[in-house]
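Input: a single structure, listed below in structure tokens.
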């Protein structure tokens, strides 16, 4: 086998994220672990830098689909995780987020020109990642103060993409539909006419339920650094789940609007 063919196979596999090579010089060997996994998992930042400089794929996966980034996050090695992300690691596992936050990472840390993590997740329409970031206290109205190039808030992004799922989740977490971006436009101005996203934004102009207002106020009072302590409060399980956005979706903006469209009336 020629080296060129081996490199082509490895490059193609790396781009897809389905890579199992334990050694860049041994492309036919499958392994559950590799040097880059070892460096990330054990927090060896310098070793990780050397491996990346040598061209090792940062999205190398084990046979169980564990990436170096996942390993770094599980162990709470924030520096290694940041290094991997700066070099193109695929941030697709919501499991990566919570361990990083638990070890001091800021869910509202600026990501170069892309804005904040919530902006990136919304732009890529990673709904599960958006939900996890919001559960962990990410600022739902960030962006309009220059934290993103366009001045878009996450809700502006969701409206541009005409994503009713994103719009619904953001509204349920207190997104302000009246905010204007650097172009002076509100999210409603960006949603395609007669789309479900537009209907959601128009419906959101009404008065929020008392339950929703209480939830938003309590979460703001607790603060994002202490949201995980909600589960330790002497409250009924249903209340704690509601405060943590872990209850069912019957009270969401999406549910209320779809019920209205189907003739079911508003659900409080």
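Here the Cβ of each residue, glycine as well, is placed from N, Cα and C on the backbone.
Now, the feature entries from TrEMBL:
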type	residues	note
REPEAT	64-96	repeat 'ANK'
REPEAT	113-145	repeat 'ANK'
REPEAT	150-182	repeat 'ANK'
DOMAIN	195-249	domain 'SOCS box'
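Across the repeat 'ANK' (150-182), DSSP helix (H, G, I), strand (E, B) and coil residues number 16 helix, 0 strand, 17 coil. Helix, strand and coil counts from DSSP across the repeat 'ANK' (64-96) read 20 helix, 0 strand, 13 coil. Applying DSSP to the domain 'SOCS box' (195-249) sorts its residues as follows: 37 helix, 0 strand, 18 coil. Secondary structure of the repeat 'ANK' (113-145) per DSSP (helix as H, G, I; strand as E, B; remaining residues coil): 18 helix, 0 strand, 15 coil.
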